[in-house]
Amino acid sequence: MVMEKPSPLLVGREFVRQYYTLLNQAPDMLHRFYGKNSSYVHGGLDSNGKPADAVYGQKEIHRKVMSQNFTNCHTKIRHVDAHATLNDGVVVQVMGLLSNNNQALRRFMQTFVLAPEGSVANKFYVHNDIFRYQDEVFGGFVTEPQEESEEEVEEPEERQQTPEVVPDDSGTFYDQAVVSNDMEEHLEEPVAEPEPDPEPEPEQEPVSEIQEEKPEPVLEETVPEDAQKSSSPAPADIAQTVQEDLRTFSWASVTSKNLPPSGAVPVTGIPPHVVKVPASQPRPESKPESQIPPQRPQRDQRVREQRINIPPQRGPRPIREAGEQGDIEPRRMVRHPDSHQLFIGNLPHEVDKSELKDFFQSYGNVVELRINSGGKLPNFGFVVFDDSEPVQKVLSNRPIMFRGEVRLNVEEKKTRAAREGDRRDNRLRGPGGPRGGLGGGMRGPPRGGMVQKPGFGVGRGLAPRQ
(Lines of atoms letter the chains of each structure in order from A and count residues from 1; the text may use other names and numbers.)
(Lines give C-alpha, C1' and ligand atoms only; values in the text may rest on other atoms or scores of the structure.)
Protein backbone atom coordinates (compact mmCIF):
# COMPACT_ATOMS: atom_id res chain seq x y z
CA MET A 1 0.00 0.00 0.00
CA VAL A 2 1.42 3.36 -1.04
CA MET A 3 1.47 5.96 1.71
CA GLU A 4 -0.07 9.27 0.80
CA LYS A 5 2.17 12.18 1.63
CA PRO A 6 0.74 14.57 4.23
CA SER A 7 0.13 18.13 3.13
CA PRO A 8 2.73 20.79 4.02
CA LEU A 9 0.32 22.41 6.47
CA LEU A 10 -0.22 19.19 8.40
CA VAL A 11 3.51 18.67 8.53
CA GLY A 12 4.03 22.24 9.69
CA ARG A 13 1.46 22.01 12.45
CA GLU A 14 2.78 18.76 13.82
CA PHE A 15 6.32 20.04 13.68
CA VAL A 16 5.40 23.25 15.50
CA ARG A 17 3.61 21.33 18.23
CA GLN A 18 6.54 19.01 18.81
CA TYR A 19 9.22 21.69 18.56
CA TYR A 20 7.66 24.07 21.05
CA THR A 21 6.93 21.25 23.45
CA LEU A 22 10.61 20.38 23.45
CA LEU A 23 11.48 24.04 23.92
CA ASN A 24 9.42 24.03 27.11
CA GLN A 25 10.53 20.68 28.47
CA ALA A 26 14.09 20.11 27.24
CA PRO A 27 15.65 23.12 25.48
CA ASP A 28 19.05 21.47 25.76
CA MET A 29 17.81 18.94 23.19
CA LEU A 30 16.77 21.47 20.55
CA HIS A 31 20.04 21.16 18.62
CA ARG A 32 19.04 17.67 17.57
CA PHE A 33 16.49 19.12 15.20
CA TYR A 34 19.39 20.53 13.17
CA GLY A 35 22.11 19.08 10.98
CA LYS A 36 25.76 19.86 10.38
CA ASN A 37 24.86 22.30 7.58
CA SER A 38 21.96 23.98 9.40
CA SER A 39 21.86 27.73 10.06
CA TYR A 40 20.25 29.39 13.08
CA VAL A 41 19.41 33.05 13.68
CA HIS A 42 17.79 34.15 16.92
CA GLY A 43 17.04 37.89 16.92
CA GLY A 44 18.91 40.34 19.07
CA LEU A 45 21.98 42.51 18.52
CA ASP A 46 25.62 41.72 19.03
CA SER A 47 28.03 43.66 21.27
CA ASN A 48 28.45 46.28 18.52
CA GLY A 49 24.74 46.93 18.23
CA LYS A 50 24.47 45.19 14.87
CA PRO A 51 22.09 42.31 14.01
CA ALA A 52 23.53 39.07 15.33
CA ASP A 53 25.06 36.76 12.72
CA ALA A 54 23.77 33.28 12.02
CA VAL A 55 25.50 30.25 13.53
CA TYR A 56 26.04 26.97 11.69
CA GLY A 57 26.10 23.33 12.68
CA GLN A 58 24.69 21.40 15.64
CA LYS A 59 27.48 22.32 18.02
CA GLU A 60 27.27 26.07 17.49
CA ILE A 61 23.49 26.00 17.43
CA HIS A 62 23.46 24.15 20.75
CA ARG A 63 25.80 26.75 22.25
CA LYS A 64 23.59 29.56 20.95
CA VAL A 65 20.40 27.97 22.28
CA MET A 66 21.90 27.45 25.72
CA SER A 67 23.05 31.08 25.79
CA GLN A 68 19.39 32.12 25.55
CA ASN A 69 18.76 30.70 29.05
CA PHE A 70 15.36 29.25 28.19
CA THR A 71 13.53 28.49 31.43
CA ASN A 72 9.88 27.51 31.80
CA CYS A 73 9.04 28.85 28.35
CA HIS A 74 5.42 29.28 27.36
CA THR A 75 4.33 29.75 23.76
CA LYS A 76 1.05 30.95 22.30
CA ILE A 77 0.86 30.14 18.59
CA ARG A 78 -1.31 32.58 16.65
CA HIS A 79 -0.77 31.39 13.08
CA VAL A 80 1.14 28.75 11.14
CA ASP A 81 1.77 28.80 7.38
CA ALA A 82 3.48 25.98 5.52
CA HIS A 83 4.37 25.53 1.85
CA ALA A 84 6.25 22.97 -0.18
CA THR A 85 9.63 24.15 -1.41
CA LEU A 86 12.58 22.86 -3.44
CA ASN A 87 13.76 19.27 -3.16
CA ASP A 88 10.65 18.07 -1.32
CA GLY A 89 11.28 20.47 1.56
CA VAL A 90 8.72 22.42 3.57
CA VAL A 91 8.83 26.09 4.59
CA VAL A 92 7.06 26.82 7.88
CA GLN A 93 6.33 30.30 9.21
CA VAL A 94 5.12 30.71 12.80
CA MET A 95 3.63 33.81 14.41
CA GLY A 96 2.81 33.97 18.08
CA LEU A 97 3.92 35.05 21.53
CA LEU A 98 6.61 33.61 23.76
CA SER A 99 7.34 34.02 27.46
CA ASN A 100 10.65 33.02 29.04
CA ASN A 101 10.97 32.52 32.79
CA ASN A 102 7.39 33.74 33.37
CA GLN A 103 8.12 37.14 31.85
CA ALA A 104 5.55 38.98 29.73
CA LEU A 105 4.66 37.35 26.41
CA ARG A 106 6.49 38.92 23.45
CA ARG A 107 5.30 38.75 19.86
CA PHE A 108 7.59 36.89 17.51
CA MET A 109 7.88 35.49 14.02
CA GLN A 110 9.91 32.39 13.19
CA THR A 111 10.61 30.77 9.83
CA PHE A 112 11.85 27.21 9.33
CA VAL A 113 13.02 25.39 6.24
CA LEU A 114 12.57 21.64 6.73
CA ALA A 115 14.74 19.55 4.42
CA PRO A 116 14.49 15.79 3.82
CA GLU A 117 16.95 13.90 5.97
CA GLY A 118 17.57 11.38 3.20
CA SER A 119 18.09 8.11 5.04
CA VAL A 120 14.40 7.44 5.65
CA ALA A 121 11.32 8.60 3.79
CA ASN A 122 9.29 11.34 5.43
CA LYS A 123 12.07 12.42 7.76
CA PHE A 124 13.14 16.05 7.96
CA TYR A 125 15.65 18.19 9.77
CA VAL A 126 15.75 21.96 10.20
CA HIS A 127 18.03 23.35 7.52
CA ASN A 128 17.33 27.05 8.22
CA ASP A 129 15.82 28.75 11.25
CA ILE A 130 15.22 32.51 11.54
CA PHE A 131 13.61 34.01 14.65
CA ARG A 132 12.78 37.66 15.38
CA TYR A 133 10.92 39.47 18.14
CA GLN A 134 8.48 42.02 16.77
CA ASP A 135 9.50 44.75 19.20
CA GLU A 136 13.12 44.48 18.03
CA VAL A 137 12.05 45.17 14.45
CA PHE A 138 9.31 47.76 14.86
CA GLY A 139 10.46 49.31 18.13
CA GLY A 140 8.57 49.54 21.38
CA PHE A 141 8.04 46.67 23.74
CA VAL A 142 5.08 44.68 22.47
CA THR A 143 4.05 42.32 25.21
CA GLU A 144 1.11 40.55 26.73
CA PRO A 145 0.84 39.83 30.43
CA GLN A 146 1.65 36.27 31.37
CA GLU A 147 -1.39 36.07 33.67
CA GLU A 148 -3.96 36.95 31.04
CA SER A 149 -2.64 34.60 28.40
CA GLU A 150 -1.92 31.81 30.83
CA GLU A 151 -5.10 29.90 30.14
CA GLU A 152 -4.51 29.81 26.41
CA VAL A 153 -0.88 28.92 26.74
CA GLU A 154 -1.41 26.23 29.31
CA GLU A 155 -3.85 24.13 27.32
CA PRO A 156 -1.58 23.62 24.32
CA GLU A 157 1.32 22.92 26.60
CA GLU A 158 -0.54 20.12 28.31
CA ARG A 159 -1.19 18.55 24.96
CA GLN A 160 2.39 19.06 23.99
CA GLN A 161 3.62 17.16 26.99
CA THR A 162 2.89 13.88 25.26
CA PRO A 163 5.62 14.25 22.64
CA GLU A 164 8.85 12.71 23.79
CA VAL A 165 12.23 13.84 22.60
CA VAL A 166 14.54 11.26 21.10
CA PRO A 167 18.00 11.47 22.61
CA ASP A 168 19.77 10.37 19.43
CA ASP A 169 22.84 12.42 18.64
CA SER A 170 22.33 11.75 14.96
CA GLY A 171 19.80 14.54 14.90
CA THR A 172 16.13 14.92 15.65
CA PHE A 173 13.82 14.49 12.73
CA TYR A 174 10.18 15.11 12.11
CA ASP A 175 7.72 12.41 11.09
CA GLN A 176 5.11 13.66 8.69
CA ALA A 177 2.97 10.59 9.02
CA VAL A 178 2.09 11.52 12.56
CA VAL A 179 0.34 14.74 11.77
CA SER A 180 -1.94 15.50 14.68
CA ASN A 181 -3.29 19.03 14.92
CA ASP A 182 -2.76 19.69 18.59
CA MET A 183 -2.39 23.41 18.08
CA GLU A 184 -4.80 26.00 19.46
CA GLU A 185 -7.91 27.06 17.60
CA HIS A 186 -5.83 29.96 16.31
CA LEU A 187 -4.24 27.62 13.81
CA GLU A 188 -7.24 27.24 11.59
CA GLU A 189 -5.62 27.91 8.26
CA PRO A 190 -7.13 25.96 5.33
CA VAL A 191 -5.09 23.00 4.23
CA ALA A 192 -4.40 22.68 0.53
CA GLU A 193 -5.49 19.11 -0.08
CA PRO A 194 -4.04 18.90 -3.59
CA GLU A 195 -0.51 19.44 -2.36
CA PRO A 196 1.06 16.03 -1.84
CA ASP A 197 4.27 17.53 -0.59
CA PRO A 198 6.33 15.05 1.38
CA GLU A 199 6.15 15.87 5.01
CA PRO A 200 8.42 13.55 6.92
CA GLU A 201 7.41 11.99 10.12
CA PRO A 202 9.89 13.21 12.73
CA GLU A 203 11.14 9.87 13.93
CA GLN A 204 14.37 10.72 15.62
CA GLU A 205 15.10 7.22 16.68
CA PRO A 206 16.78 4.41 14.84
CA VAL A 207 14.76 2.74 12.13
CA SER A 208 14.61 -0.41 14.20
CA GLU A 209 12.84 1.43 16.97
CA ILE A 210 10.42 2.95 14.53
CA GLN A 211 9.52 -0.44 13.15
CA GLU A 212 8.84 -1.76 16.61
CA GLU A 213 6.47 1.05 17.30
CA LYS A 214 4.61 0.73 14.00
CA PRO A 215 2.12 -1.91 15.17
CA GLU A 216 0.08 0.42 17.37
CA PRO A 217 -2.39 2.58 15.38
CA VAL A 218 -2.94 5.31 17.94
CA LEU A 219 -3.27 8.14 15.45
CA GLU A 220 -7.03 8.07 15.71
CA GLU A 221 -6.85 9.34 19.27
CA THR A 222 -4.99 12.53 18.46
CA VAL A 223 -5.82 13.54 14.92
CA PRO A 224 -9.62 13.40 15.02
CA GLU A 225 -9.56 15.58 18.08
CA ASP A 226 -7.31 18.08 16.37
CA ALA A 227 -9.28 17.97 13.16
CA GLN A 228 -12.38 19.01 15.02
CA LYS A 229 -10.57 21.99 16.40
CA SER A 230 -9.63 23.15 12.94
CA SER A 231 -12.37 25.39 11.58
CA SER A 232 -11.78 24.44 7.95
CA PRO A 233 -13.15 21.03 6.94
CA ALA A 234 -10.31 20.44 4.51
CA PRO A 235 -7.62 20.03 7.19
CA ALA A 236 -9.85 17.67 9.11
CA ASP A 237 -10.40 15.43 6.11
CA ILE A 238 -6.73 15.36 5.32
CA ALA A 239 -5.78 14.61 8.88
CA GLN A 240 -8.17 11.67 8.96
CA THR A 241 -6.91 10.32 5.65
CA VAL A 242 -3.33 10.57 6.77
CA GLN A 243 -4.17 8.88 10.01
CA GLU A 244 -5.77 5.92 8.31
CA ASP A 245 -2.92 5.45 5.87
CA LEU A 246 -0.11 6.08 8.30
CA ARG A 247 -1.40 4.46 11.44
CA THR A 248 1.63 2.25 11.72
CA PHE A 249 3.86 5.34 12.00
CA SER A 250 1.70 7.03 14.59
CA TRP A 251 3.62 9.33 16.86
CA ALA A 252 0.99 8.67 19.50
CA SER A 253 1.72 4.96 19.34
CA VAL A 254 5.35 5.64 20.05
CA THR A 255 4.70 7.87 23.00
CA SER A 256 1.94 5.70 24.46
CA LYS A 257 4.46 2.95 25.05
CA ASN A 258 7.00 5.09 26.80
CA LEU A 259 4.98 7.66 28.67
CA PRO A 260 4.23 7.08 32.36
CA PRO A 261 0.53 6.68 33.29
CA SER A 262 0.27 10.32 34.26
CA GLY A 263 1.31 11.44 30.79
CA ALA A 264 4.24 13.46 32.08
CA VAL A 265 7.17 13.60 29.74
CA PRO A 266 10.62 13.09 31.26
CA VAL A 267 13.00 15.89 30.42
CA THR A 268 16.15 13.86 30.19
CA GLY A 269 15.51 10.22 29.43
CA ILE A 270 13.09 11.13 26.68
CA PRO A 271 11.70 8.01 25.00
CA PRO A 272 12.21 7.68 21.27
CA HIS A 273 9.55 9.26 19.17
CA VAL A 274 9.12 11.23 15.99
CA VAL A 275 8.81 14.52 17.74
CA LYS A 276 12.19 15.96 17.03
CA VAL A 277 11.34 18.14 14.12
CA PRO A 278 14.02 20.58 13.14
CA ALA A 279 11.62 23.28 12.18
CA SER A 280 10.22 25.36 14.97
CA GLN A 281 12.10 27.38 17.52
CA PRO A 282 9.53 29.34 19.44
CA ARG A 283 11.93 29.41 22.32
CA PRO A 284 13.59 32.39 20.77
CA GLU A 285 10.59 34.39 21.75
CA SER A 286 11.82 34.29 25.24
CA LYS A 287 15.00 36.29 25.26
CA PRO A 288 17.68 35.43 27.74
CA GLU A 289 16.67 36.35 31.22
CA SER A 290 19.69 38.59 31.39
CA GLN A 291 18.33 40.71 28.55
CA ILE A 292 14.70 40.94 29.59
CA PRO A 293 15.09 42.36 33.11
CA PRO A 294 16.82 45.55 31.96
CA GLN A 295 14.15 46.19 29.35
CA ARG A 296 11.17 45.78 31.64
CA PRO A 297 12.42 48.24 34.24
CA GLN A 298 13.04 50.80 31.51
CA ARG A 299 9.54 50.40 30.22
CA ASP A 300 8.08 50.63 33.73
CA GLN A 301 10.15 53.73 34.35
CA ARG A 302 8.85 55.35 31.17
CA VAL A 303 5.31 54.53 32.15
CA ARG A 304 5.80 56.03 35.60
CA GLU A 305 7.26 59.19 34.08
CA GLN A 306 4.31 59.47 31.74
CA ARG A 307 1.84 59.09 34.58
CA ILE A 308 3.67 61.76 36.56
CA ASN A 309 3.81 64.22 33.68
CA ILE A 310 0.32 63.66 32.34
CA PRO A 311 -1.80 65.49 34.94
CA PRO A 312 -0.15 68.89 34.39
CA GLN A 313 -0.44 68.49 30.63
CA ARG A 314 -4.15 67.84 30.64
CA GLY A 315 -5.11 71.29 31.84
CA PRO A 316 -2.89 73.52 29.70
CA ARG A 317 -3.26 71.89 26.28
CA PRO A 318 -6.40 69.85 25.92
CA ILE A 319 -7.12 71.02 22.39
CA ARG A 320 -3.63 70.31 21.02
CA GLU A 321 -3.64 66.82 22.45
CA ALA A 322 -6.98 66.06 20.91
CA GLY A 323 -5.32 65.73 17.52
CA GLU A 324 -2.26 63.81 18.62
CA GLN A 325 -1.85 60.12 18.07
CA GLY A 326 -0.90 57.77 20.85
CA ASP A 327 -2.28 55.16 23.15
CA ILE A 328 -1.59 56.57 26.57
CA GLU A 329 -3.93 59.43 27.45
CA PRO A 330 -7.57 60.13 26.63
CA ARG A 331 -7.12 63.89 26.88
CA ARG A 332 -6.46 63.98 23.16
CA MET A 333 -10.21 63.65 22.70
CA VAL A 334 -11.10 66.67 24.82
CA ARG A 335 -12.41 68.49 21.80
CA HIS A 336 -15.31 66.02 21.73
CA PRO A 337 -18.09 66.40 24.32
CA ASP A 338 -17.87 63.91 27.17
CA SER A 339 -21.41 62.79 26.37
CA HIS A 340 -20.12 61.45 23.03
CA GLN A 341 -17.37 59.35 24.59
CA LEU A 342 -17.10 55.99 26.32
CA PHE A 343 -14.37 54.51 28.47
CA ILE A 344 -13.61 50.88 27.58
CA GLY A 345 -11.63 48.67 29.93
CA ASN A 346 -10.50 45.03 29.98
CA LEU A 347 -9.49 45.09 26.32
CA PRO A 348 -7.72 41.97 25.01
CA HIS A 349 -4.04 42.74 24.61
CA GLU A 350 -3.90 41.67 20.99
CA VAL A 351 -7.01 43.61 19.96
CA ASP A 352 -6.70 45.65 16.77
CA LYS A 353 -8.09 49.18 16.52
CA SER A 354 -9.91 48.41 13.30
CA GLU A 355 -11.54 45.33 14.84
CA LEU A 356 -12.66 47.29 17.90
CA LYS A 357 -13.93 50.15 15.76
CA ASP A 358 -15.98 47.79 13.60
CA PHE A 359 -17.48 46.31 16.76
CA PHE A 360 -18.71 49.67 18.09
CA GLN A 361 -19.69 50.87 14.63
CA SER A 362 -22.82 48.75 15.04
CA TYR A 363 -24.03 51.19 17.70
CA GLY A 364 -23.34 54.36 15.77
CA ASN A 365 -20.80 56.32 13.76
CA VAL A 366 -17.37 56.09 15.44
CA VAL A 367 -15.33 59.22 14.76
CA GLU A 368 -12.34 58.34 16.91
CA LEU A 369 -10.97 55.36 18.83
CA ARG A 370 -7.88 55.16 21.00
CA ILE A 371 -6.29 52.22 22.80
CA ASN A 372 -3.87 52.63 25.69
CA SER A 373 -1.34 49.82 25.40
CA GLY A 374 1.71 51.46 26.94
CA GLY A 375 0.81 51.46 30.61
CA LYS A 376 -0.54 48.96 33.07
CA LEU A 377 -2.30 45.87 31.78
CA PRO A 378 -4.92 45.02 30.71
CA ASN A 379 -5.35 47.66 28.03
CA PHE A 380 -8.10 50.26 28.00
CA GLY A 381 -9.28 52.86 25.55
CA PHE A 382 -11.86 55.45 24.54
CA VAL A 383 -14.48 55.45 21.80
CA VAL A 384 -15.86 58.72 20.44
CA PHE A 385 -19.18 58.82 18.59
CA ASP A 386 -20.60 61.70 16.57
CA ASP A 387 -23.63 61.85 18.85
CA SER A 388 -24.63 61.01 22.41
CA GLU A 389 -27.34 58.55 21.32
CA PRO A 390 -24.90 55.67 20.52
CA VAL A 391 -23.28 56.20 23.92
CA GLN A 392 -26.58 55.71 25.71
CA LYS A 393 -27.39 52.74 23.50
CA VAL A 394 -24.13 51.03 24.49
CA LEU A 395 -24.64 51.77 28.18
CA SER A 396 -28.19 50.41 28.10
CA ASN A 397 -26.99 47.17 26.48
CA ARG A 398 -24.42 46.34 29.16
CA PRO A 399 -22.81 43.93 29.72
CA ILE A 400 -20.99 44.29 26.39
CA MET A 401 -19.44 41.02 25.20
CA PHE A 402 -16.56 41.38 22.72
CA ARG A 403 -15.89 38.39 20.46
CA GLY A 404 -18.66 36.66 22.34
CA GLU A 405 -16.42 35.84 25.30
CA VAL A 406 -14.64 38.95 26.59
CA ARG A 407 -16.70 41.19 28.85
CA LEU A 408 -15.72 44.81 28.30
CA ASN A 409 -15.85 47.33 31.11
CA VAL A 410 -17.85 50.12 29.47
CA GLU A 411 -18.49 53.37 31.34
CA GLU A 412 -19.34 56.97 30.61
CA LYS A 413 -16.32 59.20 30.21
CA LYS A 414 -15.95 61.24 33.36
CA THR A 415 -15.04 64.91 33.35
CA ARG A 416 -11.76 65.97 34.84
CA ALA A 417 -13.49 67.38 37.91
CA ALA A 418 -15.31 64.09 38.49
CA ARG A 419 -12.09 62.10 38.11
CA GLU A 420 -10.25 64.33 40.57
CA GLY A 421 -13.16 64.02 43.00
CA ASP A 422 -13.01 60.23 42.79
CA ARG A 423 -9.28 60.29 43.44
CA ARG A 424 -9.74 62.50 46.50
CA ASP A 425 -12.43 60.17 47.81
CA ASN A 426 -10.19 57.17 47.30
CA ARG A 427 -7.31 58.85 49.11
CA LEU A 428 -9.54 59.74 52.03
CA ARG A 429 -11.04 56.26 52.18
CA GLY A 430 -7.71 54.52 51.92
CA PRO A 431 -7.18 50.98 50.73
CA GLY A 432 -9.50 49.43 53.31
CA GLY A 433 -12.60 51.20 52.02
CA PRO A 434 -14.81 53.68 53.93
CA ARG A 435 -14.36 53.62 57.65
CA GLY A 436 -17.35 52.97 59.78
CA GLY A 437 -20.08 51.41 57.60
CA LEU A 438 -18.87 47.85 57.38
CA GLY A 439 -17.36 46.18 60.39
CA GLY A 440 -13.63 45.64 60.65
CA GLY A 441 -14.13 41.95 60.01
CA MET A 442 -15.46 42.70 56.55
CA ARG A 443 -12.43 44.62 55.39
CA GLY A 444 -9.87 41.86 55.81
CA PRO A 445 -11.35 39.16 53.60
CA PRO A 446 -11.97 41.34 50.53
CA ARG A 447 -8.39 42.50 50.55
CA GLY A 448 -7.11 38.98 50.90
CA GLY A 449 -9.48 37.80 48.20
CA MET A 450 -8.20 40.36 45.75
CA VAL A 451 -4.63 39.16 46.09
CA GLN A 452 -5.20 35.73 44.63
CA LYS A 453 -6.53 35.25 41.13
CA PRO A 454 -7.90 31.73 40.74
CA GLY A 455 -7.24 30.44 37.28
CA PHE A 456 -4.11 32.50 36.78
CA GLY A 457 -0.81 31.13 37.90
CA VAL A 458 -2.29 27.73 38.78
CA GLY A 459 -0.41 25.29 36.65
CA ARG A 460 1.35 28.17 35.00
CA GLY A 461 3.81 25.77 33.52
CA LEU A 462 5.80 22.67 34.14
CA ALA A 463 7.98 22.60 37.20
CA PRO A 464 11.42 24.10 36.58
CA ARG A 465 13.92 21.65 35.24
CA GLN A 466 16.27 20.23 37.84
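Cβ from N, Cα, C; glycine included.
Residues or ranges marked as compositional bias 'Basic and acidic residues' by Swiss-Prot: 297-307, 318-329, 413-428. According to Swiss-Prot, the feature compositional bias 'Gly residues' maps to 430-447. Taken from Swiss-Prot, the feature domain 'NTF2' covers 11-133, and the record attributes it to sequence analysis. Annotated domain 'RRM' per Swiss-Prot: 340-415, in sequence order, evidence recorded as sequence analysis. Per Swiss-Prot, the feature phosphothreonine maps to Thr143; the stated evidence is similarity to another entry. The asymmetric dimethylarginine annotation in Swiss-Prot covers Arg429, Arg435. What Swiss-Prot records for Arg435, Arg447, Arg460, Arg465 is omega-N-methylarginine. The annotation dimethylated arginine is assigned in Swiss-Prot to Arg460. Annotated region 'Acidic disordered region' per Swiss-Prot: 142-225, in sequence order, evidence recorded as similarity to another entry. Under the heading region 'Disordered', Swiss-Prot lists 144-172, 184-243, 255-329, 413-466. Per Swiss-Prot, region 'RG-rich region' is recorded for 410-466, and the stated evidence type is similarity to another entry.
Shown for the domain 'RRM' (340-415): DSSP residue counts in helix, strand and coil, namely 18 helix, 31 strand, 27 coil. Mapped onto DSSP classes, the domain 'NTF2' (11-133) shows 36 helix, 59 strand, 28 coil.
Mean pLDDT for the domain 'RRM' (340-415) in this predicted model: 82.
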